[in-house]
Amino acid sequence: MSDTLSRVKSIIVDRLGVDEAKVVPTATFKDDLGADSLDVVELIMELEDEFDMEISDEDAERIKTVGDVVTYIDAHQ
Amino acid sequence: MTEQVSIVTGASRGIGRSIALELGRDGNCVVVNYVGREEEARATARLIEEQGGRAIVEQGDVSLASDAERLVESALAAFGHLDVVVNNAGITRDTLVLRMKDEDWDAVMNTNLKGAFHLIRAAARPMMKQRSGRIINIASVVAIMGNAGQANYVSAKAGLIGLTKSVAREFASRNITVNAIAPGFIETDMTAGLNAEWTGKMVEQIPLGRPGSPEDVAHAVSFLASPKAAYITGQVLHIDGGMVM
């Protein structure tokens with residue numbers, strides 16, 4: 001498992017209170033992990049802090065799955 | 001029950017001071033914010049402590065996002081949590097539109113409307129984490145009625161009501177309620193400077209036949225901040241002696 005994925009995972013588990021086993025790359029935040037729109041915004045802000053980067057609203061809207069986050073972070077680090 | 005922690009902007013005098021005193025009763029904690037009147041803000045804090053509450057005094061201009069953020073950080077550092085935000089800070093630059101300068105418009109918008117936005121944005125994160133919070137915005141009856149000579153102030157206050165309703169919807173799922181209070185004609189330093197003939201006419205239009213006091217407004221704030229108001233959000237409560245119905 002990539003370092004990015006494990007860091008992202010632990011943030012998601014902490015923030016959404018979901019079982020770690022459910023946080024797989026194909027899992028969608030809204031349908032699979034039960035996040036509402038505020039959860040997603042909070043998650044994005046926390047990821048910005050954790051990875052010291054800015055994720056624009058436009059880019060954030062395209063992020064639907066755990067894998068999307070990891071790909072985005074790896075591409076923009 | 002743990003004590004309630006509140007931030008009150010513009011709490012050195014007038015309605016803000018009364019609100020700070022009311023929220024600081026019964027061992028509760030208040031961040032007393034001021035911009036320029038440090039002595040008066042310290043007096044507000046002393047009055048809170050005399051009645052058994054806790055208070056810290058924080059200078060800060062909420063029209064600056066960084067100052068608004070610092071207020072929230074100070075509240076969390078001093079008291080550990082943040083339960084209530086009262087956006088009370090307000091200024092006037094009254095004149096007819098024909099004579100109104102851009103600076104008059106911007107100054108009033110920046111403090112009265114943008115300032116509330118800044119503080120709400122800063123306070124939202126800890127309140128969301130807590131899954132509870134109360135935001136109370138002090139608007140004005142003129143936001144509903146309009147008022148000649150106050151296009152900037154009225155626009156900012158009307159904007160504050162729109163902000164209240166939008167934020168109420170955004171944060172409802174996190175158990176954060178957001179309401180506005182619309183005071184009518186209240187006797188403060190701000191209204192003491194008004195033309196006597198004009199104020200006489202204003203009072204004639206008040207069904208209860210008298211101006212309100214800052215305490216009348218503070219009581220309503222205290223209610224909205226209390227557990228009794230848990231099911232009220234997105235509302236505008238008029239404290240105006242019936243001036244606007």
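Backbone N, Cα and C define each Cβ position, glycine as well.
Curation does not apply to TrEMBL; its annotations are automatic.
What TrEMBL lists as active site, proton acceptor is B:Tyr153. The feature NADP(+) binding site is assigned by TrEMBL to B:Gly10, B:Ala11, B:Ser12, B:Arg13, B:Asn88, B:Tyr153, B:Val154, B:Ser155, B:Ala156, B:Lys157, B:Ile186. Under the heading domain 'Ketoreductase', TrEMBL lists B:4-184.
Taking the features listed in TrEMBL, we show where each one sits on the structure.
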residue: B:Gly10; record: NADP(+) binding site; DSSP class: coil
residue: B:Asn88; record: NADP(+) binding site; DSSP class: coil
residue: B:Tyr153; record: active site, proton acceptor; DSSP class: helix
residue: B:Ile186; record: NADP(+) binding site; DSSP class: strand
Could you check the binding-site residues B:Ser12, B:Asn88 and say which one's CB has the fewest neighbouring CB atoms inside 10 Å?
B:Ser12
Span of the NADP(+) site, taken as the largest CA to CA distance across B:Gly10, B:Ala11, B:Ser12, B:Arg13, B:Asn88, B:Tyr153, B:Val154, B:Ser155, B:Ala156, B:Lys157, B:Ile186 (Å, rounded to a whole number):
24
Find the average pLDDT over the domain 'Ketoreductase' (B:4-184) in the predicted model and report it.
97
About how far apart, in whole Å, are the alpha carbons (Cα) of B:Ser12 (NADP(+) binding site) and B:Tyr153 (active site, proton acceptor)?
20
Have a look around the residue listed as 'active site, proton acceptor' and count the other CB atoms within 10 A of its CB, chains all included.
23
Within 10 Å of the Cβ of B:Ile186 (NADP(+) binding site), how many other Cβ atoms are there?
22
Going along the chain, which residues six or more apart from B:Gly10 (NADP(+) binding site) have their CB under 8 A from its CB?
B:Gly16, B:Asn33, B:Tyr34, B:Val35, B:Asn88, B:Ala89, B:Gly90
Counting Cβ atoms within 10 Å of each candidate's own Cβ, which of the binding-site residues B:Val154, B:Ala156 comes out highest?
B:Ala156
How big is the gap, in Å, between the Cα of B:Tyr153 (active site, proton acceptor) and that of B:Ile186 (NADP(+) binding site), rounded to a whole number?
16
